[in-house]
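Quick look at what TrEMBL lists:
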type	residues	note
REGION	A:1-20	region 'Disordered'
TRANSMEM	A:37-56	transmembrane segment
DOMAIN	A:99-289	domain 'ABC transmembrane type-1'
TRANSMEM	A:101-127	transmembrane segment
TRANSMEM	A:148-172	transmembrane segment
TRANSMEM	A:221-245	transmembrane segment
TRANSMEM	A:265-289	transmembrane segment
Amino acid sequence: MSLSIQTPAAAAPATPPRRRTRPKTLRFLQRLCKERPLGALGAMICLVLLLTGLFADVIAPEGFNAINPIERLKAPSAEHWLGTDQLGRDVFARIVHGAQLSVIVAFAATTLSIVISALLGILSGYFGGRLDMVIQRLVDGWMCFPDLILLIVAVAVLGPGTWQVILILGLLFGISGSRIIRGAVLSAKQNVYVHAAQSMGASSTRILLKHILPNVMAPLIVLYTTRLAAVILAESGLSFLGLGIPPPEPSWGGMLSLDGRSYMFQAPWLAIAPGIALTVAVFGINMFGDALRDLLDPRMRGGGGRYLARVKRTIGS
Amino acid sequence: MGFYVLRRLLALIPTLFIASVIAFTVVRLVPGDVLDLMLSENVYSSGAPEDRAQLEQALGLDKPLYQQYLHWAGDALQGDLGESLWRNTPVTGEIAARLDVTLELGILALLIALAIGLPIGIFAAVRQETLGDHIGRTFSILALAVPNFWLGTLVVILPALWWGWSPPNKLVPFFENPLENLKTFLLPSLILGTSLSAVIMRMTRTMMLEVLRQDYIRTAWAKGLRERRVVLMHAVKNAMIPVITLVGILVPILFGGTVIIEQIFRLPGLGQLLLEAVSTRDYPVITGVFLVTGVVVMLVNLLVDLCYGYLDPKVRYDR
């Protein structure tokens with residue numbers, strides 16, 4: 001008797017509810033396209049940027065650093081799609097390889113910054129007390145310096161170079177981002193299940209991994225995407241000033257730098273292509289990041305369109 | 001309010017201390033020695049160890065680091081930031097001579113950013129999901145993505161190419177000829193202001209949307225007030241409070257922007273001083289500029305906090 005009652009109840013969890021059948025990623029992509037078309041466009045741009053970076057050598061195999069004085073300052077043509085620069089290097093090849101450089105710098109520096117943010121934010125937010133106070137005062141002191149000025153001074157100290165730029169950008173954005181993570185940890189700590197775990201004697205490591213980290217994941221991902229764009233902009237700004245990636249490397253910012261300014265009057269295409277590449281890349285990442293934020297983290301959702309959409313959905317129109 | 005001001009001022013002291021320690025130590029992390037560099041670039045030095053010891057003593061580098069810091073911080077508190085390594089001129093004087101250009105550029109840019117960002121933000125919120133809103137938001141998205149150094153480069157190059165016109169780069173002091181002075185600053189601050197306006201516009205729009213959904217706005221409508229009055233008297237006033245904090249956040253970004261814009265338009269501001277110092281490795285100047293920008297940002301944030309406390313009494317009693 002009791003068996004026959006139990007069977008359907010026990011069987012129920014075995015067949016998941018229908019909404020769960022589609023894989024999570026696919027559902028997420030569908031939501032992205034439906035709710036945030038601009039975000040989907042941004043995702044496309046990010047994908048193109050990533051692929052360009054990965055296959056730079058396939059897309060533009062001919063030497064992006066091959067100096068060719070005869071071909072110097074040639075206007076865009078069938079042979080050189082985006083023209084050539086003052087040393088006769090193909091601008092298209094340099095843009096493509098610049099994408100590779102941007103992708104490398106962006107991912108490396110952002111990953112470093114996120115690790116620093118997460119470590120600092122969790123240490124400060126979860127353990128609190130005196131440690132929190134010391135870390136927060138240090139972050140206060142650090143954050144009153146303008147980003148670009150800090151970067152310039154740091155480059156003056158470490159010297160220019162790809163690795164130096166990655167290290168500096170990672171540190172800079174890591175420290176400033178730790179505030180956001182600390183806030184998320186503080187609010188996650190308030191949850192009753194965290195108190196329950198603590199009172200049951202769970203170790204700090206367990207609580208951090210099982211309860212705090214999942215709560216901090218969404219802000220971390222959002223922070224990651226917004227930082228990607230910020231890193232690309234900061235790197236190109238530094239390279240523009242001649243303090244970032246050193247010259248022979250094809251950095252987008254470096255291609256626009258003041259050293260090349262006098263040639264741009266003769267060859268305006270030198271000033272156009274890297275700027276467009278930068279703008280499109282930053283636009284794409286920003287849009288994708290915005291969409292991610294709206295879809296992943298309702299707490300960070302700004303007012304606006306989403307509210308109306310929610311109302312419409314509840315009304316059913 | 002008096003207590004609140006006092007508390008904010010006291011809270012400034014540890015931050016100032018830590019910022020000064022950061023400014024002092026970061027520059028001293030340089031690999032290789034300033035002394036070697038100075039000796040190698042000095043024609044008169046024979047490379048003898050005595051020279052080195054003498055120079056070390058003259059620069060006070062023979063003392064332990066904490067003593068160096070105390071000495072430097074004590075001087076800095078009295079407005080003395082040391083001397084430039086190469087020119088032997090006081091750093092404070094050099095900074096003072098350049099600060100006005102940067103401040104004028106920054107203030108003009110901020111005013112332009114507010115003049116563009118606030119009205120568009122308010123309009124976009126009031127006419128949410130209309131064509132105007134979409135145009136405003138598209139503008140802000142684009143302005144966020146276009147790097148200001150590219151915009152500046154285009155503004156210098158394209159008009160020169162098309163019409164043979166280039167922006168004036170002759171700097172006339174403001175009090176001598178305000179009109180000429182503003183002419184020089186117009187384009188640089190316009191570029192900087194436009195890129196900042198996007199942030200202000202987004203923030204204003206979000207805040208306005210939040211406020212427009214409040215009960216007191218519904219009450220204002222229900223009283224039969226005109227839209228202009230509801231928006232300007234009831235909504236904008238309340239939405240502006242968080243936007244003021246944004247000014248505090250924007251000031252560091254503004255500083256970074258002035259470095260780049262000064263470089264493009266060749267304006268002799270603080271940013272140029274810093275870049276010159278970086279290329280000549282003039283460490284006292286780097287430390288000085290670094291510290292000054294940090295302190296300015298800190299003071300602006302203090303001012304913003306005080307305004308916030310004045311406008312929103314709730315903040316004052318917050319712990």
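One is the number of the first residue shown, and numbering goes on along the chain from there.
Positions of Cβ are set from backbone N, Cα and C atoms, glycine also.
TrEMBL: automatically predicted annotations, no manual curation.
The transmembrane segment (A:148-172) shares more Cβ pairs under 8 Å with A:221-245 than with any other stretch in the list A:37-56, A:221-245, A:265-289. Tertiary neighbourhood of the transmembrane segment (A:265-289): same-chain residues 38-39, 41-46, 48-49, 73, 75-76, 82-83, 85-86, 91-92, 95, 98-99, 102, 222, 225-226, 228-229, 232-233, 236, 252-253, 255-256, selected by CB-CB distance under 8 Å and a gap of 6+ residues from either end. Beyond the transmembrane segment (A:221-245), the same-chain residues lying 6 or more positions past its ends with a Cβ under 8 Å from any Cβ of the stretch are 101-102, 105-107, 109-110, 113-114, 117, 147-148, 151-152, 155-156, 160-162, 165, 169, 172-173, 177, 180-181, 251-254, 256-259, 278, 281-282, 285-286, 288-289, 292-293, 296-297, 300.
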